[in-house]
């Protein structure tokens with residue numbers, strides 16, 4: 001009876017992913033039969049298809065939330081390939097919620113850009129499914145397949161505008177860079193499997209917890225596996241120090257591949273060009289959504305699979321952090337396109353996220369996920385406004401926006417001007433918005449860990465990066481010109497989500513206790529188990 005109960009609980013946690021996967025098959029069948037059938041006169045049903053995808057995600061979230069409180073425990077399903085604890089459970093739900101909000105926001109842009117192919121929305125749902133699987137992955141194979149499911153969808157989304165050579169080129173570039181990163185990932189996994197004979201995170205973590213350090217003073221340290229370990233060996237199992245170095249080198253290659261995929265400096269050179277030339281709705285998903293899932297994967301690698309945690313890699317990670325923050329700050333100076341500027345802003349934020357990770361403490365992980373949620377919320381708010389803006393008169397139906405296109409927006413639409421300014425202030429880390437608190441926490445944790453030089457450089461480059469945020473606000477509000485750009489009126493229903501997100505960022509700064517309690521519970525229970 002007990003085994004039956006546990007089996008039932010285990011299956012509940014993977015039900016959201018299974019429901020979305022089965023729904024995808026039905027949606028593909030429905031779209032293929034209807035759109036290519038002459039009997040129906042080849043109808044255009046982009047908005048209705050998008051509504052179906054939103055409904056699938058809403059129902060998937062409902063099924064996930066409706067489950068009992070057993071997710072507080074670590075639940076494993078599908079032969080140890082998926083693991084759900086409170087951290088992964090809440091992360092995948094946050095990803096789903098932000099995905100739903102993003103899909104609602106791109107509705108207007110879809111109609112403006114005349115993307116009438118149902119495959120576009122199917123690919124978006126495939127990418128979201130890959131991100132959800134990435135949150136609960138419990139071995140390297142599942143992690144790789146989740147990353148590839150998300151990446152393959154993104155490659156095609158980047159090249160959706162077939163009539164634009166720039167869009168096709170960006171899709172090809174994205175494919176080449178992603179394939180290179182995937183090759184590095186598999187190389188790292190092969191090293192780990194060759195050394196340990198397993199690719200399962202739980203087994204690797206048990207091996208770590210079942211070992212002790214022995215030093216003979218002559219040949220360095222050895223790892224001794226205790227006889228009462230879960231591996232049940234008849235004699236002590238010795239792993240020499242050089243083999244530990246091989247294992248950590250495998251983790252290093254996997255981390256590098258993930259850094260390439262999120263465009264952390266100095267692996268960022270591909271991202272501004274690809275984001276600029278892709279459709280704005282696709283760039284929105286590239287920049288904002290994958291960070292949560294991929295950083296959760298990095299946390300798993302750092303704390304569950306790495307022998308010696310990140311201590312052996314800190315010096316190199318500090319270089320990556322300073323490169324990201326500095327290049328993100330200086331790279332945005334000369335940008336005249338909004339998407340390129342936001343791409344460099346994203347690179348800068350990745351440096352702060354990694355800075356909170358290497359503190360090797362619970363406070364660092366807590367701050368990391370607080371930062372991720374605030375950054376994602378502010379990004380969805382800002383990108384939602386940019387997707388809604390449509391110039392009345394455009395040259396060659398131009399959808400990409402220059403900074404000059406925002407001139408005198410404060411005169412034509414004060415609400416949009418207020419929300420854009422607030423979202424930029426939150427991304428810049430200025431009070432009175434929640435982005436200030438999370439960036440302050442990152443810097444305080446860095447100082448508490450005695451990384452004074454890194455903290456000083458981070459503050460210095462953070463002040464420099466304020467320049468291009470304030471420059472956008474100057475163009476929007478204070479540009480001394482008499483003639484600005486005219487925009488089409490925005491549907492009042494479409495702007496509700498950016499307004500709600502902005503006021504959440506504002507109100508939670510005034511009273512952040514509820515936000516901190518939720519994030520604290522999400523992280524602390526996962527570390528205790």
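We number each residue from 1, going along the chain as drawn.
Just so you know, glycine gets a Cβ as well, placed from its N, Cα and C.
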Range annotated transmembrane segment in TrEMBL (choices 221-239, 316-334) is 316-334
Of the ranges 284-304, 473-493, which one does TrEMBL flag as transmembrane segment? 284-304
Same-chain residue ranges lying at least 6 outside the transmembrane segment (450-470) that approach it to Cβ under 8 Å: 318, 321-322, 325-326, 328-330, 332-333, 335, 341, 344-345, 348, 351-352, 355, 424-425, 427-430, 439, 442-443
Contact between the transmembrane segment (48-65) and the transmembrane segment (316-334) (3 or more Cβ pairs under 8 Å, separation 6+): no
The transmembrane segment (18-36) and the transmembrane segment (118-134) contact flag, 3+ Cβ pairs under 8 angstroms: yes
